[in-house]
């Protein structure tokens, strides 16, 4: 397998960073979304501040701060953990705005009709609002997740053995050189393109279901 082997073996780390960061971001983004739209000004300011900071600081700075900075206060993380947490914080900022955009896209008449029918808050959200908001969110969520697959390569700077790290490490002692990065690029495309197609297919099905 030559240079293929290190890159193939690194795929699970790329996926762990991507999925782990997305899940952390997803969990944090839900309360951020509600705080961002709250009428209580302090909640709104805290949420907006978190979102601005998470998105405004470059990913490499987040990773360096978490991996090299936190040990100074006694918090020791391995490279994989630091990468997942760092990219998870960034994801939270972006996902919160995607979620909020999805809710804003739901017509106000849907809320009014739900109240007129006497639906409770939870029933209204799960049966009426969330399905429509999800249709609006899906393109943004899919695009962000695919971007996160590629952005996971930044984890190589702190030693996570994802695909770019594997390619660069093996390239230093292999005559295959730049070919390894070409292989890594093909693998990234092989991961990203099916995800994009699946997301478009899911979006089309949801639109058809919503039109019935």
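Heads up, the Cβ atoms here are built off N, Cα and C, so glycines get one too.
Record features (TrEMBL):
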- 11-199: domain 'ABC transmembrane type-1' (DOMAIN)
- 6-35: transmembrane segment (TRANSMEM)
- 56-77: transmembrane segment (TRANSMEM)
- 83-106: transmembrane segment (TRANSMEM)
- 154-171: transmembrane segment (TRANSMEM)
- 177-199: transmembrane segment (TRANSMEM)
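Through the fold, the transmembrane segment (177-199) approaches residues 3-4, 6-8, 11, 14-15, 138-139, 141-142, 145-146, 149-150, 163-164, 166-168, 170-171 of its own chain, all at least 6 residues removed from its boundaries and within a Cβ separation under 8 Å. Sequence-distant contacts of the transmembrane segment (6-35) (same chain, at least 6 residues past either end, Cβ-Cβ under 8 Å): 43-44, 46-47, 50-51, 80, 83-96, 98-100, 103, 145, 148-149, 152-153, 155, 160-163, 165-167, 169-170, 180, 183-184, 187, 191.
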